[in-house]
Amino acid sequence: MRGLNLFQLILALLLSMVAAEDGYDGWLRYAPVSCDLHCQQALPSHVVLLNSTKGSPIETAGRELKAGFQSILSTNLTSRPFQCNSSASILVATLDEYRQRCRDINVPELDPDGFWLQSEGDTVRILGKDARGALYGAYEYLAMVAQRNFSRVAYATSPHAPIRWVNQWDNMDGSIERGYGGASIFFKDGTVVEDMAPVEQYARLLASIRINAIVVNNVNANATLLLPENMKGLSRIADACRPYGVQIGISLNFASPEALGGLNTYDPLDPGVIAWWQNITDSLYTYVPDMAGYLVKADSEGQPGPDTYNRTLSQGANLFARALQPYGGVLMYRAFVYDDNLNESDWKADRAKAAVEYFKDLDGQFEENVVIQIKYGPIDFQVREPTSPLFANLYHTNTAIELEVSQEYLGQQCHLVYLPPLWKTVLDFDLRVDHKPSMVRDIISGQRFNRTLGGWAAVVNVGTNRTWLGSHLAMSNLYAYGRLAWSPTDESEQILEDWTRLTFGQNHHVINTISDMSMTSWPAYENYTGNLGIQTLTDILYTHYGPNPATQDNNGWGQWTRADHDSVGMDRTIWNGTGYTGQYPEEVARVYESLESTPDDLVLWFHHVPWTHRLHSGVTVIQHFYNAHYAGAEAAHGFVRQWESLEGLIDRERYEAMRSRLVYQAGHSIVWRDAINNFYYNMTGIPDVAGRVGHHPWRIEAESMGLDGYQTYTVSPFEAASNTTAIITTSNSTTGTARTSIKAPSGVYDIGVNYYDLYGGQSKWTLSVGDKVVGQWLGDMEHNSLGHTPSIYLGGHSATRITFHGVGIRQGDQLKIVGEANGVEPAPLDYIVLLPPGLVD
């Protein structure tokens, strides 16, 4: 007994010595869990593989099981020749092979990729409908073991839909459009990279969440991918992914016959064009015999398409679909088609109507291997949108939902935003087609309209950063996407808790803290960026990152708010607006047509109302804006305190990396809060009843300080500076000093400095109080892997804050900041804030 206690003590000490990790293994860390001798003896000690050929998913399953048991339990699983009744073994096989070799087994009907998992102590059977399903079952069992779940189970599970793909927007030069985790793992300098190790690891992660295909290149495709040398490169990518049951697909440029093939047309009905594409497809399948198919973006945002020749979208899609049919390939055709030169003066103009207008009348005209890939909302991955009505308008056409793991409009992985609760607002939405239950999840699976093909696509955009997405916590979104694509009725919080256990361990405080932070994160981000259905009030013209609400209007992009001095919101009603509500089935349209029945969180999406309109909550629209933005920023600051409570419970490398992002998010949430509130206060003249907006008693505006070598600078947009003005050095190669006498009472304060970190320079600042240097820092965010879209301008994208905690000051002390310009960055400063510890200004 005493020996066992000593063993447990040593094991606990070893487990407490948290080793440094960089995130490369994601949720497949296979971290050790406690398992005493009795526990070990109750688990399998052998692995048995049936029909395991070299490079097959079943061989991969055996390798993963061995590696997992060794790492998790320090158990060496030995291979054993196949026997039907192997004891103390994990048996992995396809169901058909097992039935041929052994007795029949009572297993429920499985769909392709499905599996049966039976665990009875030291005997485990994993039977897949196919080899890929068997691999999925192995990962399922390993996930149980990694979470110290040794319970007896016996169940079958099949995928919600056959298509469970990820999209990468990787360019041939190695950049990634809307990617925030480093350069491409697939391409560099116009060709496919040599090193396939990251590709294999990515495929491994995807297989573990049951993703079955990757589209490896940008939807804004470069035709040079179709050159013979790049086809050879695609073959190497496919070879790296194949052992994990992950197929590859590619995006196509519609004009390739002209751009690459030397034809004078890309008309989809031209016989020469048809022959050219068939030849290209034949060649691709020579290099990649199991290629999943194509993804096409056409007639959208400058991309060529069939409309050039007055052909329909279905005629364009069918060109590729027919070329793929002999090989069983799928054509994913994006529904993201709209006019980006709309006339805002036309009250009826509405980009949100475009998808239904373009596709509804073509229903039933697409080939059976065409799937229309529909964004979850009718605009573009906003913080909240209503469900795209196109899902309700295609009875005779296969559909898939398009989600975005990459946080293009949602903080670009620099802000914690756990996305499944957002996705579930669409997946669980009942469109009531023909007055019958019509959940979006049942439409994309094919169940509602009796379609055999359909499913899921997500824009992921992993890169060479060891965290894959740039942020450790952002990986929860990729994990959850795979889980939901398999089983969309799973609860967001349960998925999150499973991911946390696999990624950060079994500590209950860690699990509860990360769960609470993450489940709060989307509402918080919505609060401080754009609420009531107004969309994300970011800069839609360039970065899609920082606040810039003015860019929503006065252009042809159609993401309008129609905000003015008196009122705000898009009137999308039938009776007085764009008629968008009429694209929904009758029961849904009736809800959104009425201001009284429209939920508050979408009121500005569907209705144009006075700023003084009272919501169902009883609060006016403008006051809701003010309140929500303050609440959101307060929540973001809470994330830092919550994360800091995990110090010592998470390895130092991941703890510090994530803490720095959360600190940044807290500061940037203040930038967002003030920019949006100041913009609309300036527009409406309606004050905040709580007296917060425009009143910051703890701040010292930089332009009010004594300046030497600094000059004032009027920031544009004005709301991106606390008092519309910042200071910059008089040249880009000089030093400036700003000083002031502290008027605050003596005491201990947190000193925050809001400044601008521009791309293309690394200014240096030194903060002093009295005769003591408080701290120094560099404007080097472009080099410290923060990863968001950079900016060379003073604005909401480059604005940020650094805080020095627990600084003792005396009233009358001189506060001084010395800024040394570098490159294009003139050491810009906005304001200093002196806060009693724990207060959010």
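Every residue, even glycine, has its Cβ placed from backbone N, Cα and C.
What Swiss-Prot records for 1-20 is signal peptide, and it gives sequence analysis as the kind of evidence. Residues or ranges marked as N-linked glycosylation site by Swiss-Prot: ASN51, ASN85, ASN149, ASN222, ASN279, ASN310, ASN343, ASN465, ASN576, ASN682, ASN723, ASN732 (among others).
Mapped onto this structure are the features recorded in Swiss-Prot.
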residue	record	Cβ contacts under 8 Å, 6 or more apart
ASN51	N-linked glycosylation site	ILE58, ALA93, THR94, GLU97
ASN149	N-linked glycosylation site	none
ASN222	N-linked glycosylation site	ASN171, MET172, ASN253
ASN310	N-linked glycosylation site	none
ASN343	N-linked glycosylation site	ALA349, GLY556
ASN465	N-linked glycosylation site	GLY181, GLY182, SER785, GLY787
ASN576	N-linked glycosylation site	none
ASN682	N-linked glycosylation site	PHE718, GLU719
ASN723	N-linked glycosylation site	GLU701, GLU703, TYR831
ASN732	N-linked glycosylation site	GLY761, ALA821, ASN822, GLY823, VAL824, GLU825, PRO826
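Within the same chain, no residue at least 6 positions away from ASN279 (N-linked glycosylation site) has a Cβ under 8 Å from its Cβ.
Mapped onto three states, the DSSP output places ASN343 (N-linked glycosylation site) in coil. Same-chain residues at least 6 positions away in sequence with a Cβ under 8 Å from that of ASN85 (N-linked glycosylation site) are, in sequence order, CYS102.
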